[in-house]
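Q: Below is a structure I'd like to ask you about.
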């Protein structure tokens, strides 16, 4: 087997092959023949699926500098080494079905990367540097142990497909709603109890799958005209299990995002002072300075500064920004024309988040 592999690599070097297939070769170590002398300078695509590799060589980028695609599906790799960040031409990296516990920060150096697949590993977190991947279009991190997503993920401005199924997420960063190119978001099989108020506000986002998040009972009304998956949601549980603000209408009780501190009804015509102040500051920021540098952490707590950068959400009727206070309104799914599409599980509802009593009275999802 070893001699056969050496021969395959030698031929590839001699004939300057751009593609090299070393799948199913029972490799326990990265072939030294690949790293010999100057390496394979012409190689662009390396496929090493279903071997037994545990690591990657530190001089990988030096010996294979023109790699565009690296396919390492189904190995035993535990750590993505720092050297991976030097593969500046890499566009596709597949490390699905390995034993990954750590993705090094240097992955942010892969500025040409378009597709990153890390499904079925042991990851508990992603480095913030993932946000440096400006060309990234596809990110699959399903079937890991992630408790949260990095907020800097919203800086991946080219991201179109995000798959985070079967992790341990309890919340979704509201910053993800700022992704301008996101078309499909799948978060099935997590521990979500609420979704960001602005999720679905972007016209680009057309597909949202949140199946089997049993505590999730409310979907932002922006998702009403999208393709959604919500089977297995809204299973009755003890409210004490979730420490979030709740809102009830009829027999349906939904959890609200953690940033929501207070809710209003049609009788609450006056907004809390903090909410009024935040809205005024936001209008000033957008109308005059276009820059939050005029506010410092000394004059305003960091948590409120972050809300000014990225509001809690926007009114589902008039798009007024909201920060800590909302007027919610529930439309049970079973009472909408979509009920027939979700016969197995209809004990959830669409939640409209409004900025005032006037918008609350006016908003009608079904008109």
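Any Cβ shown, glycine's included, is placed from N, Cα and C.
Since this is a predicted model, take the numbers as computed values, not measurements.
Feature table excerpt (Swiss-Prot):
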REPEAT    16-36  repeat 'LRR 1'
REPEAT    42-63  repeat 'LRR 2'
REPEAT    66-87  repeat 'LRR 3'
REPEAT    89-111  repeat 'LRR 4'
REPEAT    112-133  repeat 'LRR 5'
REPEAT    135-156  repeat 'LRR 6'
REPEAT    158-180  repeat 'LRR 7'
REPEAT    181-202  repeat 'LRR 8'
REPEAT    204-226  repeat 'LRR 9'
Q: For the repeat 'LRR 2' (42-63), how many residues does DSSP put in helix, in strand and in coil?
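A: Grouping H, G, I as helix and E, B as strand yields 4 helix, 3 strand, 15 coil.
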Q: The repeat 'LRR 6' (135-156): mean pLDDT?
A: 96
Q: Please indicate, using numbers and ranges, the residues of the same chain that are 6 or more beyond the repeat 'LRR 6' (135-156) and have a C-beta under 8 Å from a C-beta there.
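A: Non-local partners: 91, 96, 111-129, 162-173, 175-179, 181, 186.
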Q: Grab the same-chain neighbours of the repeat 'LRR 5' (112-133) for me: Cβ-Cβ under 8 Å, and only residues 6 or more beyond its ends, written as numbers and ranges.
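A: Contacts of the repeat 'LRR 5' (112-133) (Cβ under 8 Å, skipping residues fewer than 6 from its ends): 73, 88-106, 139-150, 152-156, 158, 163.
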Q: Who are the long-range neighbours of the repeat 'LRR 9' (204-226) in its own chain, taking Cβ under 8 Å and residues 6 or more past its ends?
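A: Contacts with the repeat 'LRR 9' (204-226): 165, 179-198, 232-235, 237, 241-242, 247, 252-256, 313, 316, 330-331, 333, 336, 338, 347-353, 363, 365.
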Q: Using a Cβ cut-off under 8 Å, which residues of the same chain at least 6 positions beyond either end of the repeat 'LRR 8' (181-202) come close to it?
A: 137, 142, 157-174, 208-213, 215-220, 222-223, 226, 229, 242, 244, 254-258, 260, 312-314, 322, 326, 353
